[in-house]
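Engineer: Sharing a structure with you now.
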Amino acid sequence: MTSIAHLRKSYERAELSEDASHADPLQQFEKWLKEAISAEIPEPNAMTVATVASNLRPSTRVVLIKGYDERGITWFTNYDSRKGQELAGNPYAALQFHWVELERVVRIEGIVEKVSEEESDSYFHSRPLDSRIGAWASPQSQVISGRSVLVANAAKYGAKFLLNPPRPPHWGGYRLKPDHWQFWQGRKSRLHDRLRYTLIEPASTLPDAKPVWIRERLAP
């Protein structure tokens, strides 16, 4: 075995206390995300998405969050991809943000559903032209003979659609509806701060109703 055990650092940038954290995990997430953006961390919107196949084999990939609100965390992708196929069979997933420079991790778990056709259309048409063509050109997660396949497909669909490609039927958005959040702040001596939020009562249909969360500290 090649040892890399010497690669270690002491986490001493900040702390995470119950008093200083929000009772609502979405507000705490928004606070940390804004701080990551302000710190000019490369791609602070990058998150790992973990799904599980029917044979119980997990898989992960990095995608970019495109929005969040009280309904959940939203991203867009190819529905025919491996993650799309796995979500079709098992709609539960986990997300993770790792902001290394701030010594922070956010973990989110919940059930995933597709966003509306209108929401997918709206985001798709806001993308750069080459990205919209790319959504047609790439048979995501399928084996191809070489990069030339992608180049040829991009040329074909670029010529076909010119400046106005429609959204492919196999492409759109997902939204994870959180029922579990964890916030991790690195601390000295590996005595890290971990706060877990568990949903105990979803928001009702009454106006201005808010979900009820229980917040607990976990040992690191």
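For all residues, glycine too, the Cβ spot is worked out from N, Cα and C.
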Engineer: Can you tell which of ARG127, ARG167, ARG194, ARG196 Swiss-Prot lists as binding FMN with ARG61, VAL62, VAL63, LEU64, ILE65, LYS66, PHE76, THR77, ARG82, LYS83, GLN140, SER141, TRP184?
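Structural biologist: Of ARG127, ARG167, ARG194, ARG196, ARG194 joins ARG61, VAL62, VAL63, LEU64, ILE65, LYS66, PHE76, THR77, ARG82, LYS83, GLN140, SER141, TRP184 in the FMN site that Swiss-Prot records.
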Engineer: In whole Å, note down how far the CA of ARG127 (substrate binding site) lies from the CA of ARG61 (FMN binding site).
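Structural biologist: Rounded to the nearest whole number, the Cα-Cα distance is 21 Å.
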Engineer: Indicate whether VAL63 (FMN binding site) is helix, strand or coil by DSSP.
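Structural biologist: VAL63 (FMN binding site) sits in a strand per DSSP.
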Engineer: What are the sequence-distant neighbours of ARG82 (FMN binding site), meaning same chain, six or more residues apart, C-beta distance under 8 angstroms?
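Structural biologist: Result: THR51, SER59, ARG61, SER141.
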Engineer: Hey, does DSSP put PHE76 (FMN binding site) in a helix, a strand, or just coil?
Structural biologist: strand
Engineer: I'd like to confirm something. Which of the binding-site residues, VAL63, ILE65, PHE76, GLN140, TRP184, has a Cα closest to the Cα of ARG127 (substrate binding site)?
Structural biologist: PHE76
